[in-house]
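Colleague: Mind having a look at this structure? Questions to follow.
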Amino acid sequence: MSHRPLNVEENPLSNALPYGLSSDQDEGYPATLHNRGLRYASIVEKKRLWWRNAIINALFIASWFFFATILSVYNKWMFSKDHFAFPAPLFVTTIHMFVQFMLAALLRTLWPMHFRPEGRPTPEEYGKKVFPTAFATSLDIGLSNLSLKTITLSFYTMCKSSSLIFVLFFAFMFKLEVFSWRLVGVIFLIFSGVVLMVATETHFFLEGLILVLSASALGGLRWTLTQVLLKNKKMGLDNPAATIFWLAPAMGLVLAVVSITVEHWRSLFGSDFFHGLPRTSETVFYLTAPGILAFCMVLSEFYIIQRTGVVPMSIAGIAKEVSTITISSWFFGDQLTPLNITGVGITVCGITLFTYHKYRKSMESPVPLDAHGDPASGEVDGPLGRSDGIEDAEEINLLSRSDDLEEVIPF
């Protein structure tokens, strides 16, 4: 297949403007592509790109599933009164944050070419952009862990799935996702499945419900803010390891302040968990080891968000929660009724429809390719409106924008 640039007359898509680009903005659009040695992808090439990215994304999602499921089960074991019964989940999460910071710093030291971008946030940028993300993330994680002390893991995962609604709301508000009634319908179909899954839950505690719903709202906000950070090359946060490096210390400090207030560290360090060297060593191991799992999980999350965006990431999260519910039912004996199982089926159907929605969008949207048949990675001047309706003030990078990547990936 020839990869020479097509001129306006030869290009079968020359009359098809990119999604969100109006007819009064199209002047010079094909010429801009031609001058840069770019061309539009054919249907066959779009399918090739779709499947290539599907495999890569599936590997990241599988990694996320693996580490998140193990960590959820581990946390339930650690905080449950019937098992290890550690009384301070916020303290545990604080330790995890500093473990993640040290692991991110290690990656940046050992492989600076891959994990240490040249840019770094200024103090003002850190206070206005990084710290709010860290604050929302800290409260999301902290409230989630606190809720596990009073509710079952199945009830937790079911309620936490409502974060999908908050993710969609914040994605629309921050203009990271273009409004679509089809997308809204699919999201609410998935949410209705979640409602059915929780409809017959008997182990209901109002305190736990309030905690987990608050965490869901904060989760929607923090993932949206995280996507904004991951697209910021100037601040050096476009690398997931670098993002963890800058976020983790602030998250650890916020959680430490809350933990000291709520969990009373003086009483905690005077408890049996820290009585004698052998017992203390055992406790420290159980506190720090999951930090490695948390780091791998968060790193996978950030790569998924960078490649796909927050809404597809949340859809994948629903699939993860369904698998967690199944494991919880087997491991902890949580009961699932036929109505719960019906909800799971509806949720799976919604996820399938969402994947089909993204596939159709990828096939209908023009994708610029370079001379080698790969998605254009250079910056293109001209009236290239974003596929989600957002337009950058100066130049738009076709590869780094998660919404453009959504046009050639399935999730």
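Using N, Cα and C of the backbone, Cβ positions are placed for all residues, glycine too.
Small disclaimer: the values here were computed from a predicted structure and weren't measured.
Just lifted these from TrEMBL, have a look:
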DOMAIN    58-354  domain 'Sugar phosphate transporter'
REGION    368-388  region 'Disordered'
TRANSMEM  54-74  transmembrane segment
TRANSMEM  86-107  transmembrane segment
TRANSMEM  153-173  transmembrane segment
TRANSMEM  179-199  transmembrane segment
TRANSMEM  204-223  transmembrane segment
TRANSMEM  243-262  transmembrane segment
TRANSMEM  283-305  transmembrane segment
TRANSMEM  339-356  transmembrane segment
Colleague: With CB pairs under 8 Å as the measure, which of the listed stretches 54-74, 86-107, 153-173, 339-356 comes out on top against the transmembrane segment (179-199)?
Modeller: 339-356
Colleague: With pairs 6 or more apart in sequence, are the transmembrane segment (54-74) and the transmembrane segment (204-223) linked by at least 3 Cβ pairs under 8 Å?
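Modeller: Answer no: the transmembrane segment (54-74) and the transmembrane segment (204-223) share fewer than 3 Cβ pairs below 8 Å.
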Colleague: With the transmembrane segment (243-262) as the reference, which stretch in 153-173, 204-223, 283-305 has the largest tally of C-beta pairs below 8 Å?
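Modeller: Against the transmembrane segment (243-262), the leading stretch is 283-305.
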Colleague: At a C-beta cut-off of under 8 Å, are there same-chain residues at least 6 beyond the transmembrane segment (86-107) that contact it? List them, or none.
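Modeller: Hits for the transmembrane segment (86-107): 75, 78-79, 114-115, 138, 141-142, 145-146, 148-149, 241-242, 244-245, 248-249, 251-252, 255-256, 258-259, 262-263, 265, 268, 271, 273, 283, 286-288, 290-292, 294-295, 298.
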Colleague: In terms of Cβ proximity under 8 Å, which residues at least six beyond the ends of the transmembrane segment (204-223) contact it?
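Modeller: Sequence-remote neighbours of the transmembrane segment (204-223) are 133, 136-137, 139-141, 143-144, 146-147, 149-151, 155-156, 159-170, 305, 310, 313-314.
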